[in-house]
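Okay, so here's the structure we're looking at.
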């Protein structure tokens, strides 16, 4: 559910800075808060690889508890029904399933919505009041991280979805749809990660025994956020491969929530890396390893990745290229011009650089193919359920020739090479939606010294999705409650010709700040504008009046949610 944000992934939020200074000195830029990015990759298309999966019985569903204050929720709903836009059709991956009445808005749930033991919800009353308020504001649904480290925490094949069952039943009773994120990554270590949820205990046991199961940088630093894609198909997790584990988890989820699939659960976002994004963990914030706007580091030094690199180098008759990644690519906090490899006319644009980046990005693309093959095999039999994949919005140093921060994350996107077209085509082969972040950002708000170009990046990714016939969905990378950010999202996602509109937008994130009175009123207006996109009779004054009505009608619910979430 979140980009350098997590949750989804899921997206991810960091401390809010509504508008950054247009131009800041380099020292100030380094201290600035980064907005999260999403990956793009590979030069050539990878063949679809069908992953083998094991059949594991899902745990029996639990009885969902009664809802809180249904009379209050119904009363609020009745007050705002007259001002509400028609319920939006669920977004699809292709143009024919695009919503005709605007862009439906989903809201990310808190990262710790479900207790770590998996048995129930945290702050249950707050969740119930929040869902009723969101529905009254015209929100289409919610996004929630289904954490691997919670639902299969104790032993392989032993699933506990009880807390998630409670949430699904609440969503259903409130008339909300659900985007469920299969979060196969650790929560903690990225922008906005306010809690820590590690990988399953039994997975970490295997990673402790064989540390090459973890992504590794040139200095030998291991990253435990996500199992290295280098061992995707090897039986290294208690006799199963990572891809088999992911497939089994998704199958158990599908079976456990069979009665919700296609009516309440309308989208499965498949986690593919750190923060749930299809990328390498090239810019980890934990322990101060990386800071915005550093270029990050290549993550190809576990023995599984190096074995693949060696084979690739030998296949092109250059065995000397297969011993390691670029030795002159700098470190996490460097800038492109600090390094021989990423500077203006650096090694990235040599024959060796093109070989390495092609291999590195292709490995990421094939990882996506393998997981999507498993996901489509599981969810094809669930009509009404779309599959989506999150790509990180890495906008810093986008204005340089090398696009260094994108390259280390696995997106082979440079001045001369489009790194997002191969990703979009790969998603198109599986009918998946491309979910992209940083939709709320404007170029002039970002530190100019860091060559940040979020608007140009969003345009490039949108073009790749359009050319591949893939639905494009969006998220904000950082929490923003101001009208400037809302205006940018509406302009980017909704105020487009029908074929260029985003199929959905997920708002980051539900929490006490969202339910502050003025933020809530602005959010209600934002939802109204998104759902009314394309309507010629929609005017800003009418939207503001209706939003004020929603804010007034939902005041008791919003106050209850804000207090409960704060506590």
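Residue numbers in this text run from 1 along the chain shown.
Backbone N, Cα and C define each Cβ position, glycine as well.
The feature substrate binding site is assigned by TrEMBL to 145, 185, 193, 390, 395, 437, 476, 477, 509.
The feature active site, proton donor is assigned by TrEMBL to 277. Packing around residue 277 (active site, proton donor) is summarised by its Cβ count: 39 other Cβ atoms lie within 10 angstroms of its Cβ, all protein chains included.
Packing around residue 475 (active site, proton acceptor) is summarised by its Cβ count: 35 other Cβ atoms lie within 10 angstroms of its Cβ, all protein chains included. Positions annotated as active site, proton acceptor by TrEMBL: 475.
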Going by C-alpha distance, which of the recorded positions 145, 277, 509 is nearest to residue 475 (active site, proton acceptor)?
509
At the level of the C-alpha atoms, what whole-angstrom distance separates residue 395 (substrate binding site) and residue 277 (active site, proton donor)?
15
Roughly how many angstrom lie between the C-alpha atoms of residue 277 (active site, proton donor) and residue 145 (substrate binding site)?
13
Suppose we draw a 10 Å sphere around the Cβ of residue 145 (substrate binding site). How many other Cβ atoms does it contain, all chains included?
33
